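Here is what TrEMBL records for this protein:
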- 1-20: signal peptide (SIGNAL)
- C29-C44: disulfide bond (DISULFID)
- 58-206: domain 'Cupin type-1' (DOMAIN)
- N103, H108, E113: oxalate binding site (BINDING)
- H106, H108, E113, H152: Mn(2+) binding site (BINDING)
Amino acid sequence: MASPTQFLSIFLFFLITVSADPDMLQDLCVADLSSGIKVNGFPCKDAANITSLDFFSQGLANPGLTNNTFGSLVTGANVMTVPGLNTLGVSLSRIDYAPGGLNPPHTHPRATEIVYVLEGTLEVGFITTANKLISQSLKRGDVFAFPKGLVHFQKNNGDVPASVIAAFNSQLPGTQSLGATLFGSSPPVPDEILAQAFQTSSGTVKHIKTRFQPKK
């Protein structure tokens, strides 16, 4: 089992060597999230208004609520919640799983991900572009990496809750969940396209789409 010190070493090596975001050109550029200016990232906050709170978060300290459809919850510590991460090319998330909970198949288009298991056990995997499944059973203290852009998942098959800390080499890695993307987009993907792609009927597609409609 990897110790916290070993995980920290792996995490720091990961951040230093494989940052996916552009290199910064100044000491810091705290994101001005209220600015209406559109750039690749966020414009910099006035340096006179920067405080330590721009680099601080307690959002990952406690387990998230997992009483939802998939039995899992992702809590992010990215540039949207820690504006000081702007231009730094790093972020974290905490993922909590109820017994039987699933973080469904998804991708991160802008980052590689590495997870460290805080508690519980997980079945995880990713699929290569050659359509090969790479999977692994994880327990407390284990580390596993998911390559940038590849479809991946995590499932808690245990009888007790599980949780991980996930690190990304991007300030905002982005997430595309396959089910929600294909069956819950707005405007919707035409039924006949999905029916042909999944070799099923339009009626089946319509039924699946009802499960991904926003809650009212």
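Every residue, even glycine, has its Cβ placed from backbone N, Cα and C.
Recorded features from TrEMBL, shown on the structure.
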| residue | record | Cβ contacts under 8 Å, 6 or more apart |
| --- | --- | --- |
| C29 | disulfide bond | F42, C44, K45, N86, T87 |
| N103 | oxalate binding site | F70, S72, V74, I95, Y97, F153, Q154, K155 |
| H106 | Mn(2+) binding site | V151, H152, F153, T175, Q176, S177, L178 |
| H108 | oxalate binding site | F146, K148, G149, F168, S170, P173, G174, T175, Q176 |
| E113 | oxalate binding site | A145, F146, H152, A166, A167, F168, P173 |
Show, in sequence order, which residues other than N103, H108, E113 on the same chain lie with their Cβ within 8 Å of the centre of the Cβ atoms of the oxalate site.
S93, H106, T107, V115, F146, H152, A166, F168, P173, T175
Neighbour tally for H152 (Mn(2+) binding site), based on other Cβ positions within 10 Å of its Cβ:
22
List the residues in the vicinity of the Mn(2+) site, defined as same-chain residues other than H106, H108, E113, H152 with C-beta within 8 angstroms of the site's C-beta centre.
T107, F126, F146, L150, V151, P173, T175
Please work out the helix, strand and coil residue numbers for the domain 'Cupin type-1' (58-206) from the DSSP assignment.
21 helix, 56 strand, 72 coil
Tell me, what is the mean pLDDT of the domain 'Cupin type-1' (58-206)?
97
